[in-house]
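Some features that Swiss-Prot has for this protein:
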ACT_SITE  Cys50  active site, nucleophile
BINDING   Thr49, Cys50, Asn51, Arg52, Ser109, Glu114, Pro115, Gln116, Gln120  substrate binding site
BINDING   Gly189, Ala190, Gly191, Glu192, Thr193, Ile194  NADP(+) binding site
SITE      His99  site 'Important for activity'
Amino acid sequence: MTLLALGINHKTAPVSLRERVTFSPESMDQALNSLLQQPLVQGGVVLSTCNRTELYLSVEQQENLHEQLTAWLCNYHKLSPDDVRQSLYWHHGNDAVRHLMRVASGLDSQVLGEPQILGQVKKAFAESQRGQSLSSELERLFQKSFSVAKRVRTETEIGASAVSVAFAACSLARQIFESLSELHVLLVGAGETIELVARHLREHQVKHMIIANRTRERAQSLASEVGAEVITLPEIDARLADADIIISSTASPLPIIGKGMVERALKTRRNQPMLFIDIAVPRDIEPEVGKLSNAYLYSVDDLQAIIQHNMAQRQAAAVQAESIVQQESMNFMTWLRAQGAVETIRDYRSQAEQVRSEMTAKALVAIEQGANVEQVINELAYKLTNRLIHAPTKSLQQAASDGDMERLQLLRDSLGLDQH
């Protein structure tokens, strides 16, 4: 048995290919059942996200293993092997172990250190667990990978710094205000970036969120999810004074928030400070706003500078994380190699126990029939010794007959003959 990881990801295949090789949640049971019907496959986990599709398998090693698994993948997705062959990567043994640990820890992600992948790996594991498609080796590997990912998060700073615009905007707000729990936030727009910002802010339990958008309908579903109030863009002027933090990201060709609007809001607020974060290009907030006292304006360029600084910090943390993964993968392989002896030891003990049981039973019968106890015990010891050393003796004789001194020495070591 060997462990194998194969797949495609954002580094080896464009989205046009990745989307053709995905496994939907609805089809996962069917895919796992089909995979386990392959003669060489003893257990499997399928990880399928927007950036990667990977199979983690325990398999019987054979020369045509790659061809068989490529054929299965292509048949399942109705593709030609030529479509995927150049994009597929293969990891065996320790490389497969290390790859999964890197994936779970966010070290192989498009955004270095992103935490979402760990949840996706756990979900894939749970699917295989539910479908009873795990081998004992795979189960141990995934459980170990989860603990490695946790260790990487705990012992390094790989997840501490913002490397997305949305996360950077929220991090900036937390740096300036420390706690967000008593603050009111106005979000302008309802696109993907604002969605991410809203979810980050909800996690930090802001007191109140307002989402301003050109149409209420577009913003309503997001507002329902994060518990926000919805207003239209023309209502911003009247509500701006309510906000301590304003984060804007629309596709408007002209500014939505002007200097005069902010001046009126500051007057109403009696000059309590306001933080403006403008993520939009073109800008949603007039640059002159940043010149007002108690109005602090940051643009998308300011956020990019923060992101670049934070990415450098993550890359430094990744070096430490890679060291953890290397150490833990070696520890796992030590355990895995030891498992190779478990079945042999179990069989050997079972055989010895069977011999002991049979010969003890015969000895007890002899004693019950009146035989001399001392003679029975001596005979039992003699026969038991001969039975137990018979197979090793034959192996020693064969090794000597073959002139195989290396095997002869290995047998001597196994039998403890050179121990003093």
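Note that Cβ sites are derived from N, Cα and C of the backbone, with glycine treated the same way.
Feature map: annotations from Swiss-Prot on the structure.
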{"residue": "Thr49", "record": "substrate binding site", "Cβ contacts under 8 Å, 6 or more apart": "Ile117, Gln120"}
{"residue": "Cys50", "record": "active site, nucleophile", "Cβ contacts under 8 Å, 6 or more apart": "Val15, Arg18, Thr22"}
{"residue": "Asn51", "record": "substrate binding site", "Cβ contacts under 8 Å, 6 or more apart": "Asn9, His10, Arg18, Ser109, Gln110"}
{"residue": "Gly189", "record": "NADP(+) binding site", "Cβ contacts under 8 Å, 6 or more apart": "Ala212, Asn213, Ser248, Ser249, Thr250, Ala251, Ala280, Asp284"}
{"residue": "Gly191", "record": "NADP(+) binding site", "Cβ contacts under 8 Å, 6 or more apart": "Ser249, Thr250, Ala251"}
{"residue": "Glu192", "record": "NADP(+) binding site", "Cβ contacts under 8 Å, 6 or more apart": "none"}
{"residue": "Thr193", "record": "NADP(+) binding site", "Cβ contacts under 8 Å, 6 or more apart": "Val165, Ala166, Ser249, Ile279"}
{"residue": "Ile194", "record": "NADP(+) binding site", "Cβ contacts under 8 Å, 6 or more apart": "Ala166, Leu187, Val188, Ile211, Leu222, Ile247, Ser249"}
Pro115 (substrate binding site) - helix vs strand vs coil (DSSP): coil
Pro115 (substrate binding site) versus His99 (site 'Important for activity') - Cα distance in angstrom: 16
Residues near Pro115 (substrate binding site) in space but at least six apart in sequence (CB under 8 A): Gly106, Arg153, Gly159
Sorted by sequence, non-Gly189, Ala190, Gly191, Glu192, Thr193, Ile194 residues with Cβ within 8 Å of centre, NADP(+): Glu195, Leu196, Val197, Ser249, Thr250
Set of same-chain residues at least 6 away whose C-beta sits under 8 angstroms from Ala190 (NADP(+) binding site): Ile211, Asn213, Arg218, Ala219, Leu222
Binding-site residues compared (Ser109, Gln120) - highest count of Cβ atoms within 10 Å: Ser109
Extent of the substrate binding site in Å [max Cα distance among Thr49, Cys50, Asn51, Arg52, Ser109, Glu114, Pro115, Gln116, Gln120]: 15
Cβ-Cβ neighbours of His99 (site 'Important for activity') (radius 10 Å): 25
Env. residues of substrate site, Cβ within 8 Å of mean position of Thr49, Cys50, Asn51, Arg52, Ser109, Glu114, Pro115, Gln116, Gln120 Cβ: Gln110, Ile117
DSSP three-state assignment for Gly191 (NADP(+) binding site): coil
